[in-house]
Amino acid sequence: VDYFNGARLVVETPKDPIYSSNGANVTLPCHYHYEPDMEAKRKIRIKWSKLRDDYTKEQDVLVAIGKTYMAFGDFRGRAHLLQAGQRPASLLVSDVRLQDDGKYRCEVIDGLEDESDVVELRLRGIVFPYQPPHGQYRLNFHEAERVCQDQGAILATFHQLFQAWSEGLDWCNAGWLADGTVQYPIRLPRKPCGGLHLAPGIRSYGPRHRHLHRFDAFCFSSALRGEIFYLGRPAGMTLEEAKQSCQDAGAEIARVGHLYSAWKFQGLDRCDAGWLADGSVRYPITKPRANCGPAEPGVRTFGFPSEGRFGVFCYKER
C-alpha cells in the first residue's frame, strides 16, 4: 500500500472504558504515530466528536491545529487539548456532566491522511425508576426527559440500565430510555413481568412513538457535588414548611436523584421518612433492620401523600 508521505498514520485510544463521575475532571487518551516513524511535515489537525450509540450522528466537541484549539456547544470552556508530549491528541474534560457519558471519536488529519479511533466515557452512577405523582404510565418521551431533569438526573442509556440490572435492579414497569426505546430489567422472572418461561434480562418494547406512547422513566444520576442532610420536628412538617426549613438552613429541598446518589455513593442511611422536592416522601436504607422496610437495602417510598407531616431531606451544593 502506498501511503501519503510514505508512512502510515496510526491513531490509538484505550479499548476499555474510561470511568469518571459528575463534577470531576477526566482525560480521554488518544495517541498517534507513523509507521515507519517520521515527523509530520505540516500542522496536524485534531478533531474530537461525541457519537450516538449507533454512530449515526456526531456532536462536535473540539478542533485543534497545532496548539490552537476551539471547543463547541456544552463543551465550550470545559474541553481542552492536553498539551503533553510531542504529539498531543488527548482530550481533557473538566466539570464532567451527566450528559457527557458516551462514546467519543478522536480523529487525526495530516493532509490527505485521516485516521480515527473511539474511546468510551462512562459515569459512575445509579439508575432509578420514576413515576410522577399522577400515576403509572403517564409520561411520553419528552415528559420523561423533563421529569428526570427535574429530579437532578437524565434519562438513562441502555448500557446504564444494563449495568444497574447486573447490580441487582429488578423492576416490572416499563420505562423510557435516552434512545427512545422502552425497556425494563428483570432479575426474577415472574408471570406479570414477561412470563416465567423467559430468562432474566432486559425486556424491550423497542422504539415507541415519542409523543403518543406513555410509560414511566428510568433516570440516571451520578455522584453528588454537595451533601444531603435530614431535618425533623417532633410534630413533622407539611411540604411547604419542609421547603422553607431547607431554605432557612441555607439549602434546598432535595430531589429524588440527590437521595438515590447519597444512598449509593455516600452510604446515607436514615429510617425517618422525609419530603422531597417532587412531593414524594422517601427514606434511604443501607443497613436493613426491623421497622425500616424490606430486608434489602434501597430507597423506600411512601408515594405522594396529599396530607401528612414528615421530616425533610435537604441538599446543599458545595
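Numbers run from 1 along the shown chain.
Cβ atoms are placed via backbone N, Cα and C, with glycine included.
Here TrEMBL flags Cys172-Cys193 (among others) as disulfide bond. Residue density at Cys193 (disulfide bond): 19 other Cβ atoms are found within 10 A of its Cβ, drawing on all protein chains shown.
When other Cβ atoms within 10 Å of the Cβ of Cys271 (disulfide bond) are tallied across all protein chains shown, the result is 15. Per TrEMBL, disulfide bond is recorded for Cys271-Cys292 (among others).
The domain 'Ig-like' annotation in TrEMBL covers 8-119.
Positions annotated as domain 'Link' by TrEMBL: 126-221 (among others). If you take every residue in the domain 'Link' (126-221) and average the pLDDT, you get 96.
The domain 'Link' annotation in TrEMBL covers 226-316 (among others).
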Problem set entry | For Cys292 (disulfide bond), nearby residues of its own chain (Cβ under 8 Å, 6 or more apart in sequence) | Cys271, Tyr283, Ile285, Arg300
For this session: Over the span of the domain 'Link' (126-221), count residues by DSSP class, listing helix, strand and coil in order.
Result: 22 helix, 30 strand, 44 coil
